[in-house]
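Here is the structure we will look at, set down as structure tokens.
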């Protein structure tokens with residue numbers, strides 16, 4: 001079996017073949033995910049909340065992401081691994097490159113950055129230096145203090161138009177992938193149709209090219225803070241983790257998940 005690459009994701013978009021992705025933080029789970037058919041994994045700064053117990057992603061450091069990227073890579077050597085760049089590690093292009101290089105050396109295939117068109121020069125700089133970039137728009141958790149909490153984004157016409165413009169700017173700058181979080185389904189479809197690069201949704205309906213879930217949400221172990229867009233696949237699978245992961249991948253690929261009750265308008 002050959003490694004999964006961004007070329008595979010582009011081909012899947014052209015073929016309208018939906019794909020599932022999930023967060024991973026260690027070798028055991030990344031191996032299990034790959035064995036159950038998930039070929040794309042994100043070492044997310046969500047680990048600040050799910051693994052470290054913080055109330056936001058802001059305390060996560062590059063060293064944290066490096067460590068978990070190394071673990072995930074060992075467990076799934078053929079997966080396409082995305083690694084988050086933590087809060088305040090990409091304020092300037094120069095700072096971004098040194099931080100991104102650490103993640104790539106740790107085993108990442110691509111780095112993910114949160115932000116709109118202001119990031120375009122940074123995305124261009126990284127791409128020119130052979131660092132693939134995944135953008136992240138909509139509800140960007142590192143901006144929680146600006147948003148005043150975890151809220152749906154892009155509901156007004158002006159906000160929706162700005163988000164679409166940001167997505168196009170990131171693609172033009174060289175981004176090869178985009179995560180779209182907590183936006184209305186209609187806006188998610190506009191963005192997905194407008195971009196030639198694959199779009200991965202989370203809380204964006206079933207109209208995007210792929211889906212991602214935080215693994216703890218997919219297993220129903222997030223506690224009282226389970227988001228509306230999440231589904232407990234572990235409960236639906238009788239407590240069998242492997243079956244739960246397989247069901248998640250299957251429902252995404254068949255367009256069953258996310259359903260209407262997991263979507264925003």
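Just so you know, glycine gets a Cβ as well, placed from its N, Cα and C.
Keep in mind it's a predicted model, so treat the numbers as computed, not measured.
The 10 Å shell around the Cβ of residue 181 (active site, proton acceptor) contains 23 further Cβ atoms across the protein chains shown. Per Swiss-Prot, active site, proton acceptor is recorded for 181, and the stated evidence type is sequence analysis.
In this view, residue 114 (Mg(2+) binding site) is surrounded by 23 other Cβ atoms within 10 Å of its Cβ, with every protein chain counted. Marked as Mg(2+) binding site by Swiss-Prot on the basis of sequence analysis: 45, 84, 114.
Residue 45 (Mg(2+) binding site) is surrounded by 28 other CB atoms, counting those within 10 A of its CB over all protein chains shown. The feature 3-methyl-2-oxobutanoate binding site is assigned by Swiss-Prot to 45, 46, 84, 112.
Counting every protein chain shown, the number of other Cβ atoms lying within 10 Å of the Cβ of residue 46 (3-methyl-2-oxobutanoate binding site) is 19. Taken residue by residue with DSSP, residue 181 (active site, proton acceptor) is part of a strand. The maximal spread of the 3-methyl-2-oxobutanoate binding site, taken as the longest Cα to Cα distance among 45, 46, 84, 112, is 13 Å. According to its DSSP assignment, residue 46 (3-methyl-2-oxobutanoate binding site) is coil.
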